[in-house]
Amino acid sequence: MFEEKASSPSGKMGGEEKPIGAGEEKQKEGGKKKNKEGSGDGGRAELNPWPEYIYTRLEMYNILKAEHDSILAEKAEKDSKPIKVTLPDGKQVDAESWKTTPYQIACGISQGLADNTVIAKVNNVVWDLDRPLEEDCTLELLKFEDEEAQAVYWHSSAHIMGEAMERVYGGCLCYGPPIENGFYYDMYLEEGGVSSNDFSSLEALCKKIIKEKQAFERLEVKKETLLAMFKYNKFKCRILNEKVNTPTTTVYRCGPLIDLCRGPHVRHTGKIKALKIHKNSSTYWEGKADMETLQRIYGISFPDPKMLKEWEKFQEEAKNRDHRKIGRDQELYFFHELSPGSCFFLPKGAYIYNALIEFIRSEYRKRGFQEVVTPNIFNSRLWMTSGHWQHYSENMFSFEVEKELFALKPMNCPGHCLMFDHRPRSWRELPLRLADFGVLHRNELSGALTGLTRVRRFQQDDAHIFCAMEQIEDEIKGCLDFLRTVYSVFGFSFKLNLSTRPEKFLGDIEVWDQAEKQLENSLNEFGEKWELNSGDGAFYGPKIDIQIKDAIGRYHQCATIQLDFQLPIRFNLTYVSHDGDDKKRPVIVHRAILGSVERMIAILTENYGGKWPFWLSPRQVMVVPVGPTCDEYAQKVRQQFHDAKFMADIDLDPGCTLNKKIRNAQLAQYNFILVVGEKEKISGTVNIRTRDNKVHGERTISETIERLQQLKEFRSKQAEEEF
């Protein structure tokens, strides 16, 4: 497999292995006719014999491997010299270049360490454990808990699954990268497809491959040789022709699988202790709808079967919290094929949407932001000025109007630049904080659309701060305080990362240094823990990335604080400084707290599991009459709560018992259930209980409304308890 974002460099793997691959000779001796019969459990059986390309590929590989081993042996004999390997604690270990491997050094420390190490890191670059060291270097030994080690572990697992897919389906493998939680592999099949019924037989074959402890081997090969090796696979040839710009590149082998890959990988397939195939879908080659349709299979793996059990439990919990399911069950929102990627918010979903916007709007007033309204459609000349047309036009909805090209806006910043520039500006106006809830559109591929998390139509709590260079620190402090206020109301903890100047940046290095220093000062004064992502900033300015943690431990990036030195230059934005200089350039701070309102609703839906806090709940109050004689009073009660701007409903179903009505309201997640009978009717009261069946007893209507208004205004997280 070969991914543009794969880790590098890759490495040669040691370990004993049969010359052709475990089980291969036996497989080749099988009958001439391919057997595609299903396995006993209804899945698909392994092909017998394997596709011819596997044997041809292996023959070429074995010749190249013999040449490679000969060259490496000669290099180890002639060029080897003593080197120093520096460990993280500063200790130095003696080694020999072209001979000593990271695995050998790990064994020298302890066998337990060697066994638990997933991958090495040499001079800050991930490196195969069995690949010889080449010079003096630093060495880290990464375990599965490390994010880079997880990526390698799942990458190797993808190769195991890829081998099984070739042996079962016989198609052409495409991309197969590690992803945030696991891995996938795409395969092109000329006929037929993948079924979830195949998973058990695929998993069984993966377990067999794992049991064989097939070594991962790395080989650097000339591009033209690889074009011959992969001539059966037009997708690999496309990768070689379109993405490989060097005379050579690398392949990895495990068993009969040989694939284009930068690597690195675990030592052998036996390092994967638990593997599960859990999902399949179809996709397009490189996500382009006019290209071939591919079959994608997803998997997950761990170094301990207990971890897989925990993952399965977590998946079940996540499934129960899926915002698409809850949105359906609670009648909040839905999607329709006639407007893909654009959500229909039903009345109760619209309440949540508007409550979030009003929350942010109320904070804007406190914090000196001014809300603006900008057009949805702009001439393409605007996007050419901003630079988005050159880099982002494929993701924009564009159309012709009177022989001019226009587009729906995918972001607000260029429009805000026009707003800043429509008249001369003075230093007295800065910082100028412009906020916009405008509708945005991005042309996401239909196959990538996923509920509310990936949409085409959305709104953001988008704001741009135009400020002087010396004002950056205070503005960033304000942004950080803003996000802490909002996230504490939701009950989210969060992580902060400062991303600094990348290698390819625009602007003056002095300006970058000054801005980064102000960001650091702001973060330090903010008082929350933060980490440095050196070199990970955008080319136009440093940024602070914020990830929130939900109720089941998942992280989501919503908020962003991004400095921009380039957009003011592109739009030639200036202001008159206090010393009379009318060519002073402002800095733009892009910031959002919710990010996409749609995506935040998805996160909140799953975080709360549909059990909304009172202020945000679309079902705040349910009035339940004891019997028909109390229906009229119940309707009056419901109207009073409605007039007080609560989401209040009434259950007048004569076919339900009182207990059934109360239980229905609790299951529907009404925060407060107000029971009214003859006693309450006479006294003008309500009897209050919560969705968790906490009974607060009898209160007057006015007293209840006043208390609920307080809880709503303060956005209490536990209103039912605090009542």
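Just so you know, glycine gets a Cβ as well, placed from its N, Cα and C.
What Swiss-Prot lists as compositional bias 'Basic and acidic residues' is 14-39.
What Swiss-Prot records for SER39 (among others) is phosphoserine, and it gives a large-scale study or a structure entry as the kind of evidence.
The domain 'TGS' annotation in Swiss-Prot covers 79-143.
Look at LYS243 (N6-acetyllysine): DSSP puts it in a helix. As annotated by Swiss-Prot, N6-acetyllysine applies to LYS243, with the evidence given as a large-scale study or a structure entry.
The phosphothreonine feature in Swiss-Prot is assigned to THR246 (among others); the stated evidence is a large-scale study or a structure entry. The 10 Å shell around the Cβ of THR246 (phosphothreonine) contains 8 further Cβ atoms across the protein chains shown.
The number of other Cβ atoms within 10 Å of the Cβ belonging to TYR298 (phosphotyrosine), over all protein chains shown, comes to 18. If you look up Swiss-Prot, you'll see TYR298 marked as phosphotyrosine.
The Cβ of THR453 (phosphothreonine) lies under 8 Å from the Cβ of HIS323, ARG599, ALA602, each of these being in the same chain and 6 or more residues away along the sequence. According to Swiss-Prot, the feature phosphothreonine maps to THR453 (among others), an assignment based on a large-scale study or a structure entry.
Marked as phosphoserine by Swiss-Prot on the basis of a large-scale study or a structure entry: SER702 (among others). Around the Cβ of SER702 (phosphoserine), a 10 Å sphere holds 12 further Cβ atoms from the protein chains shown.
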Surrounding CB atoms that lie within 10 Å of the CB of LYS243 (N6-acetyllysine), all protein chains: 12
THR246 (phosphothreonine) to SER702 (phosphoserine) - Cα separation in whole Å: 77
Assigned element (helix, strand, coil) containing TYR298 (phosphotyrosine), judged by DSSP: strand
Number of helical, extended and coil residues in the domain 'TGS' (79-143), per DSSP: 14 helix, 23 strand, 28 coil
SER702 (phosphoserine) and TYR298 (phosphotyrosine), distance between Cα atoms, whole Å: 56
Whole-number Å value for how far LYS243 (N6-acetyllysine) lies from SER702 (phosphoserine) (Cα to Cα): 70
